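**Q** Got these off TrEMBL a minute ago, pasting:
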SIGNAL    B:1-25  signal peptide
DISULFID  B:27-B:165  disulfide bond
DISULFID  B:59-B:153  disulfide bond
DISULFID  B:72-B:117  disulfide bond
């Protein structure tokens, strides 16, 4: 009996279980099962085709028998109450411009015109952007980074313009090791040092509405882009050797300039840059220094008796050029040339008196510059070889004559510089001292008796 | 003392209750933060104005009398928007473009969607012939064109007023 009762109990239990699996249940349970089967989800795409929007719905359960099932949207439509969906395979969609984009809509699932289930949603809260495209990666050697750029169709749209983008990249050999970066613009910079050298990477991007007014879901991933990171060579890690050499040389050059500037500042640089004014006191002190030996500083003429000095009273015109010429046994002059001699023998810089000096008087070392008055040779001084003097003013043959004269006078121990431009003129000598041998040099050993302005500069 | 407190208890509160509707607005405005306006309505208004700038030639400087009646006064912004939104419907089909009409409807219906007005504010719509061009086939094309231009001019002024009123509402909500 007990065994029989147990067997019956097991049979009833099995029957109950089997009947439950076959779907035989109470009404409430049956309704719940049906509702679960007809759950659906939708997403919207705004301005997907010009000004037209797209709303797509699909059942969550792919095994649902969609035969005779219809979708309908009501509310938040322009100038119309409801719109029916179109069916394509297992998806229902509607393409229209008539979304109000403000307020909620109701989506009904209908079977044979009868509402099976409904769902309230807002079109602007289920927006799914279009996938980005044209992703590119450019390596910038100067910056040592990778510039990632991509494009999105939403930049041209009116409504869903602001998006958040997610960039994902990984090394190809490391699966499921994606790095993610969120950006709001369409450019991203990846630093080279954060990537493995000489490795192959892949990168992709997707978008989502910025959640300001439009919200929704992530878009599909963009097509993947592959790029390879460069190898790290020795030269890439070091500085350019040429640049290094130049920088070192420049440094040493600058250091050298600084040292030289410091060393030569006082003696060389400062006098040029900031010359000091002459100090009168120091100058006077130098002047009043003890004279050197053999320096006869005196204004007493008797102390100069040893020196042969010829006083020069003046320069006067002389008609007796001939006598001079006779002394030096010159050839006879023609009348014309006498007149010429009388005429303009005066140079513009000379006084009227002038005298002719024989070449002999010039023998010796008589620097012209040492005399108070200067002496210039008349062109009348004729070489023994020449026939007639030419005393024309500034005559063309002047320089030649002068040179000839120098040659004709024999050896001159020193060259005779011409401190003044060659002017025809005759210098008059004081008759009192005419007997004297003439101008003689003061001697190179004597110092100047007079102080010149140059001493001021020397004292500096 | 007793009669004084009696007056204050039973006199003043009913007075407040009576005066309250006078001070309050007849239309509540949703979306004062401006999201719906900035992301939907303003786009449609700008599109309409751009289209009309391209099409219309000369508009008179004076405002049509129809539009002078209503203004976006303080505490009456809701009423103004309600009436303006209804008036917009009258301009549908002035332009033959479908997009133009849809934008017009979006502004009209979108504004009404954001307003919650009391029943007494809901006015009757004006007669169809008040603003729309006449459909008299005997009119010359030039006359029709003139009336169309005139309607577009009025529509432009109305849209500008709606835009100004929305900006005023949003400025007021930011200050508070």
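Placed from the backbone N, Cα and C atoms, the Cβ positions cover glycine too.
What TrEMBL says about a protein is an automatic prediction, not a curated fact.
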**Q** Of the disulfide-bonded residues B:27, B:59, B:153, B:165, which one has its Cα closest to the Cα of residue B:72 (disulfide bond)?
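**A** For residue B:72 (disulfide bond), the spatially nearest of the disulfide-bonded residues is B:165.
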**Q** Have a look at the disulfide-bonded residues B:27, B:117, B:165 and say which one has the shortest Cα distance to residue B:153 (disulfide bond).
**A** B:165
**Q** Using the alpha carbons only, what distance in Å do you get between residue B:27 (disulfide bond) and residue B:117 (disulfide bond) once rounded?
**A** 4
**Q** What Cα-Cα separation, expressed in whole Å, is found between residue B:117 (disulfide bond) and residue B:59 (disulfide bond)?
**A** 33
**Q** Are there residues of the same chain, six or more positions away from residue B:165 (disulfide bond), whose CB falls under 8 angstroms from its CB, and which are they?
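**A** Listed in sequence order, they are B:72, B:77, B:80, B:81, B:84.
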**Q** Judged by the number of other CB atoms within 10 angstroms, which among B:27, B:59, B:72, B:117 is the least packed of the disulfide-bonded residues?
**A** B:59
**Q** Should residue B:27 (disulfide bond) be counted as helix, strand, or coil on the basis of DSSP?
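**A** Looking at the DSSP assignment, residue B:27 (disulfide bond) belongs to a strand.
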**Q** For residue B:117 (disulfide bond), name the DSSP secondary structure in the helix/strand/coil scheme.
**A** strand
**Q** Counting across all protein chains shown, how many other Cβ atoms sit within 10 Å of the Cβ of residue B:153 (disulfide bond)?
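**A** Within a 10 Å radius of the Cβ of residue B:153 (disulfide bond) lie 18 other Cβ atoms.
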